[in-house]
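To keep things clear, I will list the structure first and then write my remarks on it.
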Amino acid sequence: MESFLLTDSENIMQFKTNKLSSVIEWGSLLLSTAIVCFFIAVIIWEIFSKGFSVLSWEFTTMVPKEGMTSGGILTPIIGTVLLTLITSAFAVPFGICCAIYLNEYAENTWVTRTIRAAIRNLSGVPSIIYGLFGLALFVQALNFGTSLVAAGLTLGLLSLPYIITTTEEALKRIPNSTREAALAVGATKFETIKDVVIPSAMSGILTGVVLTLSRAAGETAPILFTGAAFYINGSSGYVNQEFMALPYHLYMLSTQHQSIDQVKPIAYGTALVLVIVVFLLNLTAFYIRYKYRKDEN
Amino acid sequence: MNYKSRITLDIVFKVVFKATGYLVLALLGGIFAMLIYNSISFFLDVKPWDFFTGMEWAPTAKSPKYGMLPLIVSTTLVTFGAMLIAIPLGVGTASYIAIYAKPRVKNILKPTIEMLAAIPSVVIGFLGIVFLSPGIADLADLPNGLNALNGAILLAIMALPTIITVAEDAIHAVPNAYKEASYGVGANRWQTLRKVIIPAAAPGVITAIMLGVGRAIGETMTVLMVTGNAALMPTGMFDSVKTMTATIAIEMGEVPYETTHYYALYAIATVLFFMTLFANIVGEFFINRFRKYHAV
């Protein structure tokens, strides 16, 4: 019986090569993870180490001066805050209403399926195309001109699919028995949604909203032609006028300004402030989620 | 509130909710109509054949040329370069997190990667200018490092969070029974990963890659800032390139409304729209296949 069993020495050889190759190959997985972490570390380090020395109370509370080579970034900060407020004032109610329709009312018809497909496609549309749409619809057709409100609404459209998706996820987690209980004691469908479903899904909805707004606050492409300005004298704040925004300010300082080396420290400072704003919004979202999970248990 | 007004309110809000649902349809329809309308206006002036196959993009020249081939090739080159970097790193990291990492390591890695996704694209582009560009210029002995390679590296970094998250979900969703069966016949962890888990998770991994491709094609600010923006046919990764998104972003601010050049930018946007739509539809096709075979 000449078998296909290996001899002891062959067996050990095979085992060793297997072991060696798996060590190498596991090492490659570890290496790729390490490279990704290295990228992240470099980005964070570069921005924080070089931006931190610029950061001061004056930097965040003074308007840009002398062709933006000195002074602070108060005007772009105000612009970004107002922009995000307009974005949320439009996208949050609209998105939540749409999610309520999809999850609470809509039956599984071809119309509903088309709406869902539209939402998935909208979230894949490049942000520059939203910029073009905002230009055609708000700036030109509705005659808002290049303004804070046109840019805010454009970012609102961009944010819609994300708010709808996250809100629907939150609504889905509410068990049907909760709704049935409210309906059984005589509440109308609208009252059930308003007083029972939405309050119980609130933390999930808020998490999604905050994450979406943090993304919108950092967007540049959609506001390029809908209202962001190179420079505004004094502080902006009128919804029908052009405005300065943090991401656009950073883009402009690093590519369009005539004395780039002179404004580099301000650019680092702007980048740091922008990253801090975005991270704080993300932390808020994590905190809401964390608190909700804790309360649930 | 009396019964009648409660019922009225109920009906009113039912209509409101339904209207918002249909408005979303109108939004996609509106975007589509805008793109098509303006593209048709463009094609009344310029033959589609010249547009898609023209080798020269010079809309402001004395006799304007609207050939978008250099732009398509630039976008493709930068996206392809980004994927060469992002796919091995992303799938490797996703496998590491899904199978190898201990829960504690996992709990640190996942938020760290989400943090990368949160960084605005304009910040990544800024670092490309002040940090990566001098590095590339030194290494390759070029006057500056604003070229396709710079864009590809940055786009890879930006596509990584998407690829890692989606691929990790797919690998994680492979039923345990598959792994146990593989271990049961004596395969080690690596063999199980390569011969069992990755093939089973393949549709999900392809979806992850396609979503990354869609994101890279549509990304504007980073490529606009770091690729140099010379609208010439690129010959390699060290050439300055002008992608489709960057062309729209730069030139839309300067063109007068309703000129051929203006419509041309919408025609580019239409091509861009269909390219990302295609990437997303392919991605969706594979994730549906994945769900069908591995219903958890």
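Heads up, the Cβ atoms here are built off N, Cα and C, so glycines get one too.
Here TrEMBL flags B:21-44 (among others) as transmembrane segment. Within the same chain, residues 51, 66, 258, 260, 262-264, 266-267, 269-270, 273 sit at least 6 positions outside the transmembrane segment (B:21-44) and bring their C-beta atoms closer than 8 Å to a C-beta of that stretch.
Positions annotated as transmembrane segment by TrEMBL: B:71-101 (among others).
Residues or ranges marked as domain 'ABC transmembrane type-1' by TrEMBL: B:72-283.
Sequence annotations record features per position, and here TrEMBL assigns transmembrane segment to B:113-132 (among others).
As annotated by TrEMBL, transmembrane segment applies to B:152-175 (among others).
Annotated transmembrane segment per TrEMBL: B:196-217 (among others), in sequence order.
Taken from TrEMBL, the feature transmembrane segment covers B:263-287 (among others). If you look at the transmembrane segment (B:263-287), the same-chain residues 6 or more away from its ends with a CB under 8 A from one of its CBs are 31-32, 34-36, 38-39, 41-43, 45-46, 51, 59, 66, 68, 71-72, 75, 203-204, 206-211, 213-214, 217-218, 244-245, 247-248, 251-252, 255.
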Sequence-remote partners of the transmembrane segment (B:152-175) [C-beta within less than 8 Å, at least six residues beyond its ends]: 77-87, 89-91, 93-95, 97-99, 113-114, 116-117, 121, 124-125, 127-128, 132, 196-198, 200-201, 203-205, 207-209, 211-213, 215-216, 219, 222-223, 226, 237, 290, 294, 296
Residues of the parent chain within Cβ reach of the transmembrane segment (B:71-101), under 8 Å, 6 or more residues beyond its termini: 57, 109-110, 113, 148-149, 151-157, 159-160, 163-165, 167-168, 171-172, 189, 193, 197-198, 205, 208-209, 212-213, 216-217, 223, 227, 231, 233-234, 237, 241-245, 247, 268, 271-272, 275
Intrachain neighbours beyond the transmembrane segment (B:113-132), with Cβ under 8 angstroms and 6 or more residues off its ends: 93, 145-146, 150-151, 153-154, 157-158, 160-162, 164-165, 219-226
